[in-house]
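As recorded in TrEMBL:
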{"type": "COMPBIAS", "residues": "21-36", "note": "compositional bias 'Low complexity'"}
{"type": "DOMAIN", "residues": "70-201", "note": "domain 'EamA'"}
{"type": "DOMAIN", "residues": "223-351", "note": "domain 'EamA'"}
{"type": "REGION", "residues": "1-36", "note": "region 'Disordered'"}
{"type": "TRANSMEM", "residues": "70-89", "note": "transmembrane segment"}
{"type": "TRANSMEM", "residues": "101-119", "note": "transmembrane segment"}
{"type": "TRANSMEM", "residues": "131-151", "note": "transmembrane segment"}
{"type": "TRANSMEM", "residues": "157-178", "note": "transmembrane segment"}
{"type": "TRANSMEM", "residues": "185-205", "note": "transmembrane segment"}
{"type": "TRANSMEM", "residues": "225-243", "note": "transmembrane segment"}
{"type": "TRANSMEM", "residues": "255-274", "note": "transmembrane segment"}
{"type": "TRANSMEM", "residues": "286-303", "note": "transmembrane segment"}
{"type": "TRANSMEM", "residues": "315-333", "note": "transmembrane segment"}
{"type": "TRANSMEM", "residues": "339-357", "note": "transmembrane segment"}
């Protein structure tokens, strides 16, 4: 979710996954190819044979800059893919959330495996970082199962908004584990997020017995809330681990650990729960495939966005997840979010936007 996947993700810091910084294939081969084709020497221009020619510096001066706004467009696509994946999870009600996670792990494993073989990165990673890769895989897959359960047991908009509390936990864990600064501003954003979650949960001791707008019974709604908060906590832990590893591990290798350990974990849990079953409907089987594809697409788009755009604008654009969730809930479930949900969404989104703008401002100094 980062979030979710973010689940896997995500995370971006929620959004900021560590990215590989590989040179494009063939970038170091062009000069050699030019010499082999008859370039007089490394100091002369093969076009005009002069010892110093401005044409040799033009390629560097005219490097292609990314299209303005392309990173934000990738982020918008990522938010849309995350939201569609969440919608499909909500639509598949006859399959347990853990089993959906297992199917997603299998399908993504089939996609990531050829990528690892092509990139020649290996399958186990550096010895000193394997423990972090294992933790990333276990915590990330647990986060995925929890958010899928939340989507199935509570309103789509409510669950989506709560997942955006993940940056708050990320700041706290980074302060504890990575010794990053936790400022009074971070504390203020944390309070905004807590207020937003309270408005969505609407605990009876504060709001009385009014449970209007809640799809299921309040006990089921509460279970979904705890699952969504658990997702935010585990997603934040995953992000801190990814920060700890930095760019020393290939991005696809972290996904590999995520899907392999996720598959092992989901299979064990399914046997314990006795919930394993094949989808009854052909449409559900199609949904499972699209859940995996849209989930992976969301991760790829957010990674591409962070490669060419600053994390601050990306984090702000990621809040479009909430907008899509509101739209999908109204269109596909004929469920108009209550003003409590809207108020909670405003608080959580304001907290995320405020934190992103502050970090963006600090990094631009």
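We count from 1, first residue shown onward.
For all residues, glycine too, the Cβ spot is worked out from N, Cα and C.
Please treat TrEMBL annotations as automatic predictions, because they have not gone through curation.
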Take a look at 70-89, 225-243, 255-274, 339-357 and tell me which one has the most Cβ pairs under 8 Å to the transmembrane segment (286-303).
70-89
Which stretch from 70-89, 101-119, 131-151, 339-357 shares the most C-beta pairs under 8 Å with the transmembrane segment (225-243)?
131-151
Which range out of 70-89, 101-119, 157-178, 185-205, 315-333 gives the transmembrane segment (339-357) the most CB pairs under 8 Å?
185-205
Distal contacts, the transmembrane segment (255-274) - CB-CB under 8 A, six or more residues away:
8, 96, 98-99, 101-102, 104-106, 108-109, 112-113, 116, 123, 125, 133-134, 136-138, 140-142, 144-145, 299
Who are the chain neighbours of the transmembrane segment (70-89) in space, where the CB to CB distance is under 8 Å and they lie at least 6 residues beyond its ends?
1, 3-6, 97, 100, 147-148, 151-152, 156, 159-160, 287, 290-291, 294-295, 297-299, 301-302, 304-309, 313-314, 317-318, 320-321, 324-325, 328, 332
